[in-house]
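*Asks:* The following block contains the structure, expressed as structure tokens.
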């Protein structure tokens, strides 16, 4: 079977994990990494490395190619999507073969579901999200665009993660709660009530320690 070419935007640690997950599916081969740490095109380890500015040109050189925004930072993924200006059809969806995905779950374009993760009945995950290693997204959850469910985090049934929200490593959210847009639930925390938009909450039970500042609001703006 011919494997589809994949360009990963981001060549850091998360990019390496996504590359291995994509290879494990047997459907994809990583044709290139694009990252601004590369000043010019080069080949390393048999894989092309290019600056992000060269992605459009690269798309014209490769047949049957798709992309993944392989960056762990939610804001950066959003800004990269806007910078590239590509339609949703250009983006792949990568699901590690060891993940357990309900037949009634829905996964959006550009999203990655990594090793050992679980998506249960009628869970919905949006675009360019990350469901990381051994994360659990229970039944009827709504996980928005640009979100990140970190390794071993757990969302109980009916939880809503609004756009850009992150649930930290080993954190959990009790049934029916909402984690607001561009907010963060810290590592190991337990949310027993809603987390407001733009908020950082930590601890057991989770308490709000700060809200997004003007500089962070500016970073969310895309051209």
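Here, residue 1 is simply the first one shown, and the rest follow in order.
Here the Cβ of each residue, glycine as well, is placed from N, Cα and C on the backbone.
So TrEMBL says this about it:
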- 139: active site, proton acceptor (ACT_SITE)
- 72: substrate binding site (BINDING)
- 148, 169: acetyl-CoA binding site (BINDING)
- 6-80: domain 'PglD N-terminal' (DOMAIN)
- 140: site 'Increases basicity of active site His' (SITE)
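I'd like these features described in context: how deep, what's nearby, how far apart.
*Replies:* Taken residue by residue with DSSP, residue 139 (active site, proton acceptor) is part of neither helix nor strand, so it is coil.
The number of other CB atoms found within 10 A of the CB of residue 72 (substrate binding site), across every protein chain shown, is 18.
Long-range Cβ neighbours of residue 169 (acetyl-CoA binding site) (same chain, at least 6 residues apart, Cβ-Cβ under 8 Å): 150, 151, 152, 153, 187, 188. The DSSP secondary structure for residue 169 (acetyl-CoA binding site) is coil.
Packing around residue 140 (site 'Increases basicity of active site His') is summarised by its Cβ count: 18 other Cβ atoms lie within 10 angstroms of its Cβ, all protein chains included.
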*Asks:* Counting Cβ neighbours within 10 Å across all chains shown, tell me which of the recorded positions 139, 148 comes out on top.
*Replies:* 148
*Asks:* Write out how many residues of the domain 'PglD N-terminal' (6-80) are helix, how many strand and how many coil, based on DSSP.
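*Replies:* Helix, strand and coil residues of the domain 'PglD N-terminal' (6-80) number 30 helix, 23 strand, 22 coil.
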*Asks:* Out of the recorded positions listed (139, 140, 148), which are within 10 Å of residue 72 (substrate binding site), Cα to Cα?
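*Replies:* Correct set: 148.
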*Asks:* Rounded to a whole angstrom, what is the C-alpha distance between residue 140 (site 'Increases basicity of active site His') and residue 148 (acetyl-CoA binding site)?
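*Replies:* Just about 17 Å between their Cα atoms.
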